[in-house]
Amino acid sequence: MMIDIPDDRLVAGVDEVGRGPLVGDVVTAAVILDPANPIIGLNDSKKLSEKKRLALFDEIKEKALAWSVGRASPAEIDELNILHATMLAMQRAVAGLSIAPELVFIDGNRCPSLSMEARAVVKGDSLVAAISAASILAKVTRDAEMTELDSRHPEYGFARHKGYPTAEHLAILAERGPLPEYRKSFKPVRRALGIE
């Protein structure tokens, strides 16, 4: 059940992926969909198969009026904390749009500081098509980065757990220690470094 969006305003949707993982960037995306060129099958990226996400990823990039990916690094996450780093990454995604939106819908319960009107929408990735599109761009982008990290460090299993603190990942982290891409402010990483 999607929320009706005012079609007289240029609207962007923004979502993030990767607040919970112990490693890598928090990745956000901003998308302005084209009402004249709808995309069928948009939904929260977590509810879609990987195959469907990849197909929609290409379709979104092709059909959207504008799209942008923003991120915050592990160093920024450690310096700012994960919430503030996520807000920064969202600001970067909106700033990267080739067209400035008049209204921005953000998934969740708080908005970053933006130069245009912004509204937080709880469960927005299931309610606002542009947020669904943003969630797909962010998730496919971040998953690809974890697959690439896995190719450099296969012993850590990043392609399987995507950096999330699964039992397998925590055991590997305790045994091998963190790589530079880890978020050193996160408790399991601090524990592995012997500073918790």
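Including glycine, each Cβ sits where the backbone N, Cα and C put it.
Remember, predicted model here, so these are calculated numbers, not experimental data.
As given in Swiss-Prot:
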{"type": "DOMAIN", "residues": "9-196", "note": "domain 'RNase H type-2'"}
{"type": "BINDING", "residues": "Asp15, Glu16, Asp107", "note": "divalent metal cation binding site"}
* To do: Within 10 Å of each Cβ, count the other Cβ atoms and name the one among the binding-site residues Asp15, Asp107 with the highest count.
  => Asp15
* In the same chain, which residues outside the set Asp15, Glu16, Asp107 have their CB within 8 A of the centroid of the CB atoms that define the divalent metal cation site? -> Val14, Val17, Thr28, Ala29, Met90, Ile106, Gly108, Gly124, Asp125, Ile131, Ala134, Ser135, Ala138
* In sequence order, which residues at least six apart in the same chain have a CB under 8 Å from the CB of Glu16 (divalent metal cation binding site)? -> Val26, Val27, Thr28, Thr86, Ala89, Met90, Asp107, Gly108, Ala138
* For the domain 'RNase H type-2' (9-196), mean pLDDT (0 to 100) -> 95
